[in-house]
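As structure tokens, the structure follows; a few thoughts come after it.
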């Protein structure tokens, strides 16, 4: 029965499918917001109205893309679908909690959208800094609704993280050690630990903001002995691990895709890859104040956060060069998924290089809150996380659906998207270096040319998104079924057929120990 299967589901595959569909839908909303932003900035002068509505759109774009697109698809969608299959578990450790994790997201999304409907909306940027987010600058219920939305999304992610950690540690076959797990499983494990440790800090920060707004506390109000910089510390102690949460599952997926389409039986430097992910996870927690170089920290504090941030480049470099070494000498198959993975490696590396630039506190003082920062994090998110999602989706689509995509269309779509995102975000480096600030709906005429180019790129990306929807429709309409996958011996998620049965294992999987 429909309601029993989809509303009360305790099946990891069905919940994963729900996450993928929800993430795709939210992705459309987030894309619409981004198109509105670029339409406003396409030429000087005003298009939508004042800066408040513009900033509401910018804030919503960030929240929707982060909490309702990337995290549900990567962790909820791919994680739920693949983790049990990859470790030979019958399902997740807590199947009903898994269902609740998903169903907390639509109400959360509803609250976020509602926040833009009351008063003037939440025009604070996704960081929600007080005093702008306080009850003077943002009177009314907007920010409160946004805070409740974040609370629900946070609870969802924390429960999900507990579920994944328990599943991965506890539900492997006895003969399978930590170091027999596929890299995607490792990436989700590290991601879940990061979520579990960082989200409670965000919850504390936004709850204090909520009481500051409604109960007359003064956590962030200097008049009552509070400090707005405390909020920044709490927010970024969550916010920096969060950006690694968004990219780590992508690392895992890219490792699988690169290995598969290079015809290799394993990625180069498995242990190095695992330790690199754990190092990135650890270091991600001790660099948060590099987002706050401009609030007036001591020179020695700035020196520490600069050098600690640069250290993250080392494990990241280990991963990039291990991917290249995996490619080396392989029988490379130029499938669309491989193209996405190679695009990921190239563009993520560019984003990493601009990250190294911004790690220097002296440079960041000048570049902070300019479009250089926007360009940097969109290179690692819009071309890192999104490219990984696209590659993973195309690679595992036959597993999820039992049908194959049209590879010609998929390659065309990759090309269109590649041109679109680069035309959108590469010029923003120049805008930032010329001093164009973020979060403004208008700009001096001197910035017109690069902004126009950037906005053209966003419309090309929109065409690519529409092409992807068409490709999925075409696959389900044509019903080209999968007969056999290659390299199944080293890619265990494919072993039970495409798609796998509703209940993968009627009895525990037997894994022979090599030791």
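Even glycines carry a Cβ here, placed using N, Cα and C.
From a predicted model like this one, the values you see are computed outputs, not experimental measurements.
In the three-state DSSP classification, residue 45 (Na(+) binding site) falls within coil. Long-range Cβ proximity for residue 45 (Na(+) binding site), meaning a same-chain Cβ under 8 A and a gap of 6 or more residues, is found for 442. Swiss-Prot lists 40, 45, 441 with the feature Na(+) binding site, giving similarity to another entry as the kind of evidence.
A 10 Å cutoff on Cβ-Cβ distances gives residue 291 (Cu cation binding site) a total of 21 other Cβ atoms nearby, all chains included. Feature annotation from Swiss-Prot assigns Cu cation binding site to 240, 290, 291; the stated evidence is similarity to another entry.
Cβ atoms under 8 Å from those of the topological domain 'Mitochondrial matrix' (1-11) belong to residues 18, 91, 95-96, 98-99, 502-503 of the same chain, restricted to positions at least 6 beyond its ends. Among the features that Swiss-Prot reports, topological domain 'Mitochondrial matrix' is placed at 1-11 (among others), with the record citing similarity to another entry.
If you look at the topological domain 'Mitochondrial intermembrane' (41-50), the same-chain residues 6 or more away from its ends with a CB under 8 A from one of its CBs are 57, 441-445, 447-448, 451-452, 454-456. Among the features that Swiss-Prot reports, topological domain 'Mitochondrial intermembrane' is placed at 41-50 (among others), with the record citing similarity to another entry.
The topological domain 'Mitochondrial matrix' annotation in Swiss-Prot covers 87-94 (among others) and rests on similarity to another entry. Averaged across the topological domain 'Mitochondrial matrix' (87-94), pLDDT for the predicted model comes to 96.
Within the chain carrying the topological domain 'Mitochondrial matrix' (171-182), a Cβ under 8 angstroms from the stretch's Cβ atoms is held by residues 84, 86-89, 93, 189, 252, 256, 270-271, 274, 492, 508-513, all 6 or more beyond its ends. The topological domain 'Mitochondrial matrix' annotation in Swiss-Prot covers 171-182 (among others) and rests on similarity to another entry.
What Swiss-Prot records for 213-227 (among others) is topological domain 'Mitochondrial intermembrane', and it gives similarity to another entry as the kind of evidence.
Annotation source Swiss-Prot lists topological domain 'Mitochondrial matrix' at 262-269 (among others), citing similarity to another entry. Remote same-chain residues near the topological domain 'Mitochondrial matrix' (262-269) are listed as 183, 255, 318, 322-323, 325-328, 330-333, 487, 489-490 (criterion: CB distance under 8 Å, separation of at least six residues from the stretch ends).
The topological domain 'Mitochondrial intermembrane' annotation in Swiss-Prot covers 287-298 (among others).
Sequence-distant neighbours of the topological domain 'Mitochondrial matrix' (328-335) (same chain, 6+ residues past either end, Cβ-Cβ under 8 Å): 261-264, 268, 394-395, 407. Residues or ranges marked as topological domain 'Mitochondrial matrix' by Swiss-Prot: 328-335 (among others).
Look at Swiss-Prot and you will find 358-370 (among others) tagged as topological domain 'Mitochondrial intermembrane', backed by similarity to another entry.
Note on the topological domain 'Mitochondrial matrix' (401-406): DSSP counts are 1 helix, 1 strand, 4 coil. According to Swiss-Prot, the feature topological domain 'Mitochondrial matrix' maps to 401-406 (among others).
The annotation topological domain 'Mitochondrial intermembrane' is assigned in Swiss-Prot to 434-446 (among others). Sorting the topological domain 'Mitochondrial intermembrane' (434-446) by DSSP state (H, G, I as helix; E, B as strand; all else coil) yields 2 helix, 1 strand, 10 coil.
Look at Swiss-Prot and you will find 479-515 (among others) tagged as topological domain 'Mitochondrial matrix', backed by similarity to another entry. The list of residues near the topological domain 'Mitochondrial matrix' (479-515) in space but at least 6 beyond its ends in sequence, with Cβ under 8 angstroms from a Cβ of it, reads 11, 13, 82, 84-86, 88-91, 173-176, 180, 182, 256, 260, 263, 265-266, 396, 398-404.
Long-range contacts of the transmembrane segment (12-40) within the same chain, counting only residues at least 6 positions beyond its ends with a Cβ under 8 Å from a Cβ of the stretch, are 5-6, 46-48, 54, 57-58, 60-61, 64-65, 68-70, 72-73, 76-81, 83-84, 91-92, 95, 98-99, 102, 105-106, 109, 393, 400, 424, 441, 454-455, 458-459, 461-462, 465, 499-500, 502. Swiss-Prot lists 12-40 (among others) with the feature transmembrane segment, giving similarity to another entry as the kind of evidence.
The transmembrane segment annotation in Swiss-Prot covers 51-86 (among others).
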For the transmembrane segment (299-327), sequence-distant contacts whose Cβ falls under 8 Å of one of its Cβ atoms, 6 or more beyond its ends: 251, 254-255, 258-259, 262, 264, 267-269, 272-273, 275-277, 279-280, 283-284, 286-287, 289-290, 293, 341, 345, 348-349, 352, 355-356, 359-361
The topological domain 'Mitochondrial matrix' (479-515), counted residue by residue under DSSP: helix, strand, coil: 6 helix, 1 strand, 30 coil
Cβ neighbour count within 10 Å of residue 240 (Cu cation binding site): 23
Proximity verdict for the transmembrane segment (141-170) and the transmembrane segment (51-86), three or more C-beta pairs under 8 Å: yes
All-chain count of other Cβ atoms within 10 Å of residue 290 (Cu cation binding site): 22
